[in-house]
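Have a look at this one.
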Amino acid sequence: MEPVKNKLTTASGKPYAENENSQTIGPRGPILLQDFILHEKMAHFNRERIPERVVHAKGSGAYGTLTITHDITPYTRAKIFSEIGKQTRTFLRFSTVGGEKGSADTERDPRGFALKFYTEDGNWDLVGNNTPVFFVKDPKKFGDFIHTQKRDPYTNCKSPTMMWDFWSLNPESLHQVTILMSDRGTPYGYRHMDGFGSHTFSFINKDNERFYVKFHFKTQQGIKNFTDEDAADMRGKNPDFAQHDLLTHIDNGDFPKWDLKIQVMPETEAATYHINPFDLTKVWPHGDYPLIDVGVLELNENPDNYFAHVEQAAFAPAHIVDGIGYSPDKMLQGRILSYPDAHRYRLGANYEQIPVNRCPFMVNNYQRDGQMRIDGNGGKNPNYFPNSFDNIIADQNYREPAWDVNAQVADWYDRNAEGDNDHYTQPGNLYKLMSDEAKKDLIKNIVHSMSGIDGPKKDEITNRQLCHWFRADIGLGMAIAQGLQLDLAETMSHMQG
Ligand code: HEM
């Protein structure tokens, strides 16, 4: 008989003799309660699903490398940028936003662009999108906004009425909605789109000076999008198009690459710049803050198991490293709380020990116990601080410069104060910059989507949203009104009203 090389065992290591037939009383009799192997197989299967991410549930991921090509040490002391040629291992998860884990990859949606850099000062997570702006600028609105992107509580279907109702009541969303409705809302997989850190972050240099910074990843594969029709077609043909495209290109050695660039604003300019630099619905025009080259990101390794790496990956905007800091961007502030909270619910209190999330360098603290504690739990070492036994210190060299803040507290500040209230110039400029073909596609996509507004509030919602398009660009507003076959005179009278 051939020697058995790898024995099939229970999870506790007991070799199985039989894996396909349950223990029965006679060949046709009932199954015995003592068939533990049957129980173990069934019970583990019943526990295979963990909660999917409440947003960005459908995604794809790969490992790679960030290589620094330019010196930005005058702005930051972060070790990841310390020298030209420096390489840092990275994990990148792409995603759609509104759909469930089994939804189609080519839905019209922003795409997530979430990075984890395994640096020697800890893991740095840059959890961005393929767009430089977002729909809302206060985290209190996030859950309400996302509800409009998910299923209607009664019909259990997606609802253009909910979406346009919310957007029309939140004109700050117009910039992001313009990008979403353009063909950039249906990218051709994940390799042909740019990525953005989106928020304003801080850089802190070795002299403890602060700069404000935005991160951009420019695809070397070139921008390529589906049209609305082609995206719809692909949803039927291959709902996993983007997953398949990324996986096969990396498997074939055709590694996708992005150029990392930054925009930098000296701290002193933030207070006087004519745009609120911490407003996530606005970009910093490149004419004012040009792109500065930093390095190249390459994805070159497919994870060997989807669930272990991609599904269990936990990214958090809270995870910054020395030399990189937060900013007063309200959305960023809200996200600092939200993500680790979501991870504790989705993956458990010790989610940082899962290999894809684990910092490969030093981790020392007094956190102990909890479900699924698998790293030795600190062994015999003290579990309190301060103590007289170990040599773990809070190192003052990692101090950030202090922040000046307005000392008054309120939640009724005028969010529409000067520098914050212009929701129209940037989307209007974006439209004006588009090629004729891109303009045509944008209008077609908006008309298609707004045609889905339904119910007793249809006219009210449609007219309210039309006003926003008109305010961004009169030609755009006219074209959409025509596409929706509206009576222009009546629309104008609504606008004046
Ligand atoms: C995922 C909350 C805004 C990009 C998530 C998750 C939550 C969340 C709870 C699921 C996390 C998980 O289970 O692992 C929020 C809140 C926001 C916000 C409360 C605003 C206050 C944003 C913005 C961006 C963004 C502005 C991009 C600029 C992402 C990405 C993921 C994600 C890329 C998926 C991460 C992954 O691949 O695992 N968000 N989000 N989110 N969010 Fe947000």
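Placement of Cβ uses the backbone N, Cα and C atoms for every residue, glycine included.
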Name the residue range among 1-27, 217-243, 352-378 that TrEMBL annotates as region 'Disordered'.
1-27
Six or more residues out from either end of the region 'Disordered' (1-27), which same-chain residues have a Cβ under 8 Å from its Cβ atoms?
34-38, 40, 44
Roughly how many Å separate the Cα of Tyr339 (heme binding site) from that of His56 (active site), to the nearest whole number?
12
Can you see whether DSSP assigns Tyr339 (heme binding site) to helix, strand or coil?
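DSSP call for Tyr339 (heme binding site): helix.
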Could you tell me the C-alpha distance between Asn129 (active site) and His56 (active site) in angstrom, no decimals?
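Rounded to the nearest whole number, the Cα-Cα distance is 10 Å.
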Taking DSSP states H, G and I as helix and E and B as strand, how many residues of the region 'Disordered' (1-27) are helix, strand and coil?
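Helix (H, G, I), strand (E, B), coil: 0 helix, 3 strand, 24 coil.
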